[in-house]
Amino acid sequence: MGEKDIRAGQTSYVIRGADLQGAGRADLLVRDGVIAETGTVKAPRGATEVDADGLIALPGLVDLHTHLREPGREDAETIETGSAAAAAGGFTAVLAMANTNPVTDTAEAAERVRDLGEKVGLVDVQPVGAVTKGLAGEELAELGLMARSRAAVRVFSDDGKCVHDARLMRRALEYVKAFGGVVSQHAQEPRLADGQACCHEGELSGRLGLPGWPGVAEEVVVARDVMLARHTGSRVHIAHVSTAGSVEVVRWAKSQDIAVTAEVTPHHLLLTTDLLSGYDPVFKVNPPLRLQEDVEALRAALADGTIDAVATDHAPHARHDKEHAFAEAAFGMLGLEQALSVVTTVMVEGGLMDWSAVAAAMSSRPAAIAGLREQGRPLAVGEPANLVLLDPAAEVTVDRERSQSLSRNNPWHGRALKGRVHSTFLRGRATYFDGEVTTR
Ligand SMILES: NC(=O)N[C@@H](CC(=O)O)C(=O)O
Ligand SMILES: [Zn+2]
Ligand SMILES: [Zn+2]
């Protein structure tokens, strides 16, 4: 039986002997979309048995920062292929960034993204709304209409661009406060990161002859925005924190009870600017890969909770946008399929986090930040059966060709990482099982 049932949309499973977040082994009975029983479960008739011996069970992962590219760049990714990549990575929900074409800056656009995601049905696709119309940084978008729409938008971001006008940022924070929303800021002062800049400014960029921008271009905006959050009493979220200085500011802001949250990407937890010496555009990303001391500060901040969440910033790009001289190539790298393996390798194997901390950083906290009530829930009776099974001992050498994504800009290609996603369940339905995405 097994696999056939899974493809036929079987929704009753007994998951045998998984280690629940590292807290001990138990069976899980998944039925009618919820966790119906835990402990030692007697299989009901017709249930599919899943041997989870040696596997870790975590609540389904929630990505605060995904670029799905639809509408507008369906040659790089679609909601369907991006959802498949998410399911393969252990995610049950993704926040779809607004920098599509057209931009997600109206209620209708947000509803369209949400509905397309629902139709695909592999993960919950929750649209992020733009802060400003067309991401132009001039006029606020219809924040209230997006919030009140069927898409119930709560996270707003001009990601790809910084909301650099302090007055607009202030207004946006005031506005979203009314409905418990949050502004996710791509912190990058444009006057300190000019049009040509393509990497971290430092000793190496000088040697390579590549124009860069310094960490302070991020840090001044983080500092400004936590003060605006304090002034407005509203919530700000810092996207893809990349420097030790930003960590210091966020740590201070939290000590003052300012409502700031922050995310770090898998790539900023492991990769450094040294990789640029080969001029391979796969390592070109915004914010840029920084120094080892930044990487260490980011790891420590994630471990102690200063950084709340890991978010992928999955940024697929078509070959013809990426395969250029370094200075001309597009910014961004894939992230969904390897995120959990990178966190396993760096944070768990590195002794910095246990599995419950991973569940917090990749599921419950991002769900709370985004206001997703049905996601990020504990693995307990009565909860929606959103979960991922991970083989923590498996070592996988990443092959960019074995991907659900339409794009191939995978910075992990050829690397050995610890931890392989075995399966993902969305409301009790297997969306990914033993190497395959399961279609309805
Ligand atoms: N991260 C990137 O390098 N690129 C993102 C935009 C962004 O997250 O700033 C993209 O949309 O490609
Ligand atoms: Zn960004
Ligand atoms: Zn992004």
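Residue positions begin at 1 at the first shown residue.
Glycine residues also receive a Cβ, built from the backbone N, Cα and C atoms like all the rest.
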Among D304, D308, D313 - the residue TrEMBL places in the same Zn(2+) 1 site as H65, H67, D159: D313
Further binder of Zn(2+) 2 named by TrEMBL next to D159, H186, taken from the candidates H231, H237, H240, H267: H240
Candidates H65, L68, N99, D159, N286 (binding-site residues) with Cα within 10 Å of H186 (Zn(2+) 2 binding site): D159, N286
Assigned conformation of D159 (Zn(2+) 1 binding site) - DSSP reduced to three states: coil
Three-state secondary structure, which DSSP defines for F331 (substrate binding site): coil
Where the C-beta lies under 6 angstroms from ligand 2, the matching binding-site residues among H67, N99, H317, G332: none
For H186 (Zn(2+) 2 binding site), the number of other Cβ atoms found within 10 Å of its own Cβ: 25
Distance-selected binding-site residues near ligand 1 (C-beta under 6 Å), from H65, R69, D159: D159
Cβ atoms near G332 (substrate binding site) (within 10 Å, other residues, all chains): 22
